[in-house]
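What Swiss-Prot says about this one:
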BINDING   H5, E180, M181, E182, S204, D205  purine D-ribonucleoside binding site
BINDING   G21, R25, R44, R88, V89, G90, T91  phosphate binding site
ACT_SITE  D205  active site, proton donor
SITE      R218  site 'Important for catalytic activity'
Amino acid sequence: MATPHINAVEGAFAETMLFPGDPLRAKYIAETFLENVEQVTDVRNMLGFTGTYKGKRISVMGSGMGIPSCSIYATELIRDYGVKNLIRVGTCGAISTDVKVRDVIIGMGACTDSAVNRLRFKGQDFAAIANYELMNAVIESAKVRGTKVRVGNIFSADLFYTPDPQMFDVMEKMGVLGVEMEAAGLYGVAHEFGARALCVVTVSDHIRTGEKTSAEERQTTFNDMIIMTLEAAITL
């Protein structure tokens, strides 16, 4: 039952999926944290895998960069393959001076400069919010592990290289915690098709201060976030 962008067979994906942007990061997650792993799709080298974590079937697949790519894959995964829980795992740039590099942010809501959710909501503003049950599961997992998480609004940008850096001042004033490029689109797709979605990201760099994590720090923080998210996933 291949779609234009996924060549997996029916039933290849678990109901719960971790959804990083980078397909090689998806491969890393599958090979590092899952057992009984099988690669199930590779169209355009957007790799997808299914395996088990502590006995529960879990999938992981890349989404690509930006809302359009993420929305295509999310739509086909939910609509055509029956994926019910999509958890974006990735990195972001911090905006608020209260947020530090290596912090973990849970995107309770996703602001955006994209028009994609207005297009699907008849021209009106749609509140792109995470699913409460998924969010609560990850928060509880963080508590068990002693991991501090920040919960609040993030911003899903259409442009990586913004021509208007003054927008960051507005974001900070409005309490936006960090900037990434996918969550608002993912949340919109999930609401449209009756699925559940969440975005969990680590802060890899601080847009205001210029501070950045080293490659080693990024990997350690990312690994901790993945374990925290997988522990939440097995409770769903």
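Every residue, even glycine, has its Cβ placed from backbone N, Cα and C.
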Cα proximity to D205 (purine D-ribonucleoside binding site), best match among recorded positions G21, R25, R44, R88, R218: R218
Residues that sit under 8 angstroms from V89 (phosphate binding site) by C-beta distance, when 6+ apart in the chain: L18, F19, P20, I29, V200, V201, F222, M225, I226, T229
Cα distance (Å, whole number) from R218 (site 'Important for catalytic activity') to S204 (purine D-ribonucleoside binding site): 6
Cα-Cα distance linking E180 (purine D-ribonucleoside binding site) and R218 (site 'Important for catalytic activity'), given in Å to the nearest integer: 16
Whole-number Å value of the largest CA-CA distance among H5, E180, M181, E182, S204, D205, listed as purine D-ribonucleoside-binding: 32
Between E180 (purine D-ribonucleoside binding site) and R44 (phosphate binding site), the C-alpha gap once rounded to whole angstrom: 23
Separation of alpha carbons, M181 (purine D-ribonucleoside binding site) and T91 (phosphate binding site) (Å): 10
Winner by Cβ contact number (other Cβ atoms within 10 Å) across the recorded positions R25, R44, R88, R218: R88
E180 (purine D-ribonucleoside binding site) CB neighbourhood, other CB atoms within 10 A: 23
Spatial neighbours, same chain, of E182 (purine D-ribonucleoside binding site) - Cβ under 8 Å, 6+ residues apart: G21, S63, M65, G66, I67, C70, R88, G90, S156, C199
DSSP three-state assignment (helix, strand or coil) for R218 (site 'Important for catalytic activity'): helix
Cα distance (Å, whole number) from R44 (phosphate binding site) to H5 (purine D-ribonucleoside binding site): 8
